[in-house]
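Features of the protein shown, as given by Swiss-Prot:
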{"type": "SIGNAL", "residues": "1-20", "note": "signal peptide"}
{"type": "DOMAIN", "residues": "36-118", "note": "domain 'Inhibitor I9'"}
{"type": "DOMAIN", "residues": "129-400", "note": "domain 'Peptidase S8'"}
{"type": "ACT_SITE", "residues": "Asp161", "note": "active site, charge relay system"}
{"type": "ACT_SITE", "residues": "His192", "note": "active site, charge relay system"}
{"type": "CARBOHYD", "residues": "Asn252", "note": "N-linked glycosylation site"}
{"type": "ACT_SITE", "residues": "Ser346", "note": "active site, charge relay system"}
{"type": "CARBOHYD", "residues": "Asn396", "note": "N-linked glycosylation site"}
Amino acid sequence: MGFITKAIPLALAAASVINGAEILETRAGVQTLADKYIVVMNDGISDKDFDSHRSWVNRNHRRRLIRRGAKAMGGMKHTYNFPTGLKGYSGHFDEQMINEISKRADVKYIERDARVQINAIEQQDNVPSWGLARVGSKEPGGTTYYYDSTAGEGSTAYVIDTGTDIQHEEFEGRATWGANFVDDMDMDCNGHGTHVSGTIGGKTFGVAKKSNVVAVKVLDCSGSGSNSGVIMGMEWATKDAQQKGADKAVANMSLGGAFSQASNDAAAAIAKGGVFLAVAAGNDNVDAADSSPASEPSICTIAASTEQDSKADFSNFGQVVDVYAPGDSITSAKPGGGSQVLSGTSMATPHVAGLGAYLIGLGKGGGPGLCDTIKQMAIDVIQNPGASTTSKLINNGSGM
């Protein structure tokens, strides 16, 4: 997820309150998207009042375009309505329109939309992996993955990423497309999402080899996207999981960016909706407290370990990290067949999402409480984990 070192000055950057809504500060290192915003409504706003607010925004935006000769803007684009209560929208507005919105008493805060990206940092083709064996063993250096034959059967993993090659032989027909918030191509043109999905539910590379995988595409071929688009994917996954049984669902987000209150609130809404969510800590070797959605306390934040049970040199750290998982030189599926090796907290996170699915298959309780279960099962082995950071490494409880 790394910060992109480009600070963009903006008249609205400083946090302020104008007759109601707070315009959140844009932190240094955030790659904001020009004239694009995320607006979050007050807690508890009714559907009727939310509809009324959106109608007001659309009317005023049209008037600005037609009557005032305002610079052409796209207006409202995405609407968010999580089943757990979080409501908001994103869009393309000029500064005057945003100032009008900020004066509304029904708006909680406004945030600049910003760029997010995947957390893989390197690749190497066709070398053996070690992560699975480590998850199933109390000692390092093993070559066998010990696991219960239930293998996550009956669970569903939502992979919020670049998409998944659902035809890959690793998934044996258990992978499906859920939603696409990027383009009209239901394919993984990057490879990151397929790799992540394989670590969760692949027949060879997966922690939960019988789990179902649902692709939720929020990142493009370069592995990049926006907070507003990612939040759309988070909302869709929450609603779909609740329809099918949230207690049987896990979600994986091997992505992120600089701190975003909207991104954190959306992650919290997933957890509140009863879905276990694993999120990458990030790859900048800094405290993950300044990263989102990794800094949201109600989810499970994952740092990356090496084959030698040490912190990977790229991995973020800090009190927000819940547990370590293998993330250095991990082999998994690639689009079109075969495998590739990637490193990053992106690769660590699906080991934990997969472990959550595996535990659901064993009959353990689902939901955000799975993070506590995983931490209780973890082993205290990570060397030099980083300041104020746990030294716990995940374990499935099956090995020697």
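Using the three backbone atoms N, Cα and C, a Cβ is placed for every residue, glycine included.
Every protein chain shown contributes to the tally, and the Cβ of Asp161 (active site, charge relay system) ends up with 30 other Cβ atoms within 10 Å. Neighbour counts were taken as the number of other C-beta atoms within 10 angstroms of each residue's C-beta; across the recorded positions Asn252, Ser346, Asn396, the minimum falls on Asn396. Cβ-based neighbour count (10 Å, all protein chains) for His192 (active site, charge relay system) stands at 28. On a Cα basis, Asp161 (active site, charge relay system) lies 8 Å away from Asn252 (N-linked glycosylation site). Taking His192 (active site, charge relay system) as the reference point, the recorded positions whose C-alpha atoms are within 10 Å of its C-alpha, out of Asp161, Ser346, Asn396, are Asp161, Ser346. Using DSSP to sort the residues of the domain 'Inhibitor I9' (36-118) gives these counts of helix, strand and coil: 29 helix, 31 strand, 23 coil. In three-state terms derived from DSSP, Ser346 (active site, charge relay system) belongs to a helical segment.
Rounded to a whole value, the Cα-Cα separation of Asp161 (active site, charge relay system) and Asn396 (N-linked glycosylation site) is 25 Å. DSSP assigns Asn252 (N-linked glycosylation site) to a strand segment in the three-state reduction.
The DSSP secondary structure for Asp161 (active site, charge relay system) is strand. Reduced to three states, the DSSP call for His192 (active site, charge relay system) is helix. A separation of roughly 19 Å, to the nearest angstrom, links the Cα atoms of Ser346 (active site, charge relay system) and Asn396 (N-linked glycosylation site).
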